[in-house]
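The following features are taken from Swiss-Prot:
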| type | residues | note |
| --- | --- | --- |
| TRANSMEM | 17-37 | transmembrane segment |
| TRANSMEM | 51-71 | transmembrane segment |
| TRANSMEM | 105-125 | transmembrane segment |
| TRANSMEM | 144-164 | transmembrane segment |
| TRANSMEM | 175-195 | transmembrane segment |
| TRANSMEM | 218-238 | transmembrane segment |
| TRANSMEM | 255-275 | transmembrane segment |
| TRANSMEM | 283-303 | transmembrane segment |
| TRANSMEM | 344-364 | transmembrane segment |
| TRANSMEM | 374-394 | transmembrane segment |
| TRANSMEM | 402-422 | transmembrane segment |
| TRANSMEM | 428-448 | transmembrane segment |
Amino acid sequence: MTDTNHSSMRQHSLQSLAIAAIGVVFGDIGTSPLYSLKEAFSPAHGIPLTPSAILGVISLLFWAIILVVGIKYVLFVMRADNNGEGGVLALMALSLRPLNPKSRITGLMMALGIFGACMFYGDAVITPAISVMSAVEGLEVATPQLSHLVLPITIVILIALFWIQRHGTATVGKLFGPIMVLWFVTIAVLGIYHIARAPMIVSAINPYYAFSFMSEHVLLAYVVLGSVVLVLTGAEALYADMGHFGAKPIRLAAYVLVMPSLVLNYFGQGALLLLDPKAIENPFFLLAPQWAALPLVVLSTVATVIASQAVISGAYSLTSQAIQLGYVPRMKILHTSELAIGQIYVPVVNWLLLFVILCIVIGFKSSDNLAAAYGIAVTATMVITTILAAVVMVKVWNWNKLLVAMIIGVFLVIDLGFFGANLLKVEQGGWLPLGIGALLFFLLMTWYKGRHIVKERTAADGIPLAPFLQGLLAHPPHRVSGTAIYLTGNDTLVPVSLLHNLKHNKVLHERTIFMTFVTRDIPYVKDHERVTVHDAGEGLYIVKAEYGFNETPDVKAVLEEVARQRGMTFELMDTSFFLARETVVPTHLPGMSIWRERVFAWMHQNAAKPTDFFAIPANRVVELGTKIEI
């Protein structure tokens, strides 16, 4: 095949990935025009709809998109990939790699990363609610007589969206890209039409209008910044979803279609307001002629459902990562596609999200009310991403500290400005994502600290495995036929389940395997590096299986690899799995306060069973109980 053909194939693949990325990565930021400008001129802000104010706000929107999306995320942050993977937890793992595990900065970076992940969930409960609701509210423009149905229709759409998650979205997901391409083209065309009617709006490209607006209104302009940030919701997704599509397709989509379409639509809305300030009632839907209003409502609703789907899938992926990294208790994870590894479904997360989202929709009643709650989670994550990226630039890339200070300084001024403006909205609704994030942060840190204490207690009371096996082989117990697998969290200590088995049954299987799963700080582990097998003699094997934080441990696959390496055969239904069922007992020993220990014990008790998490046949499991005082 010629170089020209290879180049053509690569180009086709790049374009295909870019279209797919448009359907997943850009849904949230792509549906922001539904409510962003309307919220910026909310009556609560008291900004007059004068030409200078309109030009000033549009200029702010334009430069926010250019500086934060086009430069910060696309050019800089997306360089900080963890073996191709992005997102706040992946960035945290990358930033921790060169640091001393016991240093204070390590603890600070870990806490920042976890808090950033928690704030994502605060965002994840608002995005579907405000997106779908703002789209359905287009009925108030298209068919005012149906305005009383906005809330019921929103609720039905959201319930249906979460109901289908169990069955996966691989099939309909193929349509997401083309639909979102149609969406971006549509909003661009609507914008161009009105820009042509009021070309004066193009002058908002000049940052003079943004600075003039800020200096003229000062305090009110700072409040408006809290609404301007709504145009950036979803910017973090460019980085978080990088592992699915790669940096090049996302950059191509951002620069060629997404950013130009967004800018054209916002400028079109600004032009409409210059022509008719009363259009602030709903500037997005009033861009369309009356005959196109209803089709636009339908397209908007589909686009917001796609945007919501991306956030929901992101919540599943983030939960899976957090479980593997040890910040969240084990949960049942189902794979909804045999072909796409990333297509997963986490039932607990799904139904909790739906419950909270429905409460939000019913409680806030309109997208206008909900807009006050939106933004604070986004800006908090933006600040955290900037700080973690700075650590990576200095510690991992070894960039000049002065250069990093200059780059990060500019980004932090912007991020902290937006974050501070959103703090002003805490009373109006900003408390919601902050409260959700704070609660989750407490639970995740409690779980992480509790697991650390459990490991310390277990290690202190544990028996080293190597000398124990030597003694066991020197004075062997009665051997019985079959295979026994002891799952253990520490491959240097004797599994408690083995001690109990020897104590009560006084037998050892002919083939005994000690299996440990280890999660590394990279997203994926190469297949040939995954499983190591140590032959301890006389049918005893120590198996270590390493997985990345984006992968789910698979006992069956590990056994197949052990069989391949050692020339064995395994029959899963003829194999016994021995597990230690730990019962955590809160005490006044040093570690955590007693009330936090009780919270940890409750989380430990309600974690998914190892049989569910590791997909082990329940009828092949022997559980032996043990108490651990913390």
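Glycine is no exception: its Cβ is also placed from the backbone N, Cα and C atoms.
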Segment proximity, the transmembrane segment (344-364) to the transmembrane segment (255-275), 3 or more C-beta pairs under 8 Å: no
Paired segments the transmembrane segment (144-164) and the transmembrane segment (428-448) in contact, 3+ CB pairs under 8 A: no
Same-chain residues at least 6 beyond the ends of the transmembrane segment (175-195) whose Cβ lies under 8 Å from its Cβ atoms: 19-24, 26-27, 30-31, 33, 201-202, 257-258, 260-269, 271-272, 275, 287-288, 296, 299-300, 302-303, 306, 309
Leading stretch by Cβ pairs under 8 Å, where the reference is the transmembrane segment (374-394) and the options are 218-238, 283-303, 402-422, 428-448: 402-422
Maximum Cβ pairs under 8 Å to the transmembrane segment (428-448) - stretch from the list 51-71, 218-238, 344-364: 344-364
